[in-house]
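Chemist: So Swiss-Prot lists the following for this protein:
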BINDING   198, 218, 227  S-adenosyl-L-methionine binding site
């Protein structure tokens, strides 16, 4: 079984990280974009099968999504589950875990944007419930711009049970809500932590909330305005990065 991915950044990411997954690359005839030309040159040098197509054919293959003149047919990444998570928890000796839990993010664009932010923030793993999450499809991969191949993406059968497991391994659970007694910027985030983000329509579910150690919110100047979940995720993640990297009066990104 194979899947299609499209876009310069997305295909380039697979070329860089796992070219053995690529079965064939479809490219637009007579490309003009210099980035695309450079990528095609690299692909040819790697002896990967290439087929030139009209833009109309590429539009059909991508269902009229923005393919930027290149589509790759690839072997999907292996699915990760609770076994992968448990192995990570048992062998996390030399790192301070930063995990992202997405509860009910069903919009592919939001999921892709969350994955991209997670990659930029150095998240070690994304955890989603098996029955309440968008699949990592071509749209998610395009929005994630290659990040979906770098951040481990774990689907779990029971999210509440998974949060209990994280606590057993001393992972502190912080949930994002619209209103609470604690604001994000006054919350300690430098310890092993899992940040829990919910859907825009209903937030994190009741059982998920009950398994959080702390519920916090992002203060906004307009109380009637709520943030897009991917924007809120980015704010949560980079407040964590800020706290972890801030040393001796300056931010140390070394």
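Every residue, even glycine, has its Cβ placed from backbone N, Cα and C.
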Chemist: Long-range neighbours only, meaning 6 or more apart in sequence with Cβ under 8 Å: which ones does residue 218 (S-adenosyl-L-methionine binding site) have?
Modeler: 176, 183, 184, 227, 232, 235, 236
Chemist: Over all pairs in 198, 218, 227, the listed S-adenosyl-L-methionine binding residues, work out the largest Cα-Cα distance in Å.
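Modeler: Roughly 14 Å, rounded to the nearest whole number.
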Chemist: Using a Cβ-Cβ cut-off under 8 angstroms and a sequence gap of six or more, which residues of the chain neighbour residue 198 (S-adenosyl-L-methionine binding site)?
Modeler: 103, 104, 175, 176, 177, 204, 205, 208, 229
Chemist: Write out, in the order they occur in the sequence, the residues of the chain not among 198, 218, 227 that have a C-beta within 8 Å of the mean position of the C-beta atoms of the recorded S-adenosyl-L-methionine site.
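Modeler: Other same-chain residues near the S-adenosyl-L-methionine site: 176, 177, 178, 197, 217, 226, 229, 231, 232, 233, 235, 236.
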Chemist: Look up residue 198 (S-adenosyl-L-methionine binding site) in the DSSP assignment and reduce it to helix, strand or coil.
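Modeler: Once the DSSP labels are grouped into three classes, residue 198 (S-adenosyl-L-methionine binding site) ends up as strand.
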Chemist: What is the Cβ neighbour count of residue 227 (S-adenosyl-L-methionine binding site) at a 10 Å cut-off, with all protein chains included?
Modeler: 15
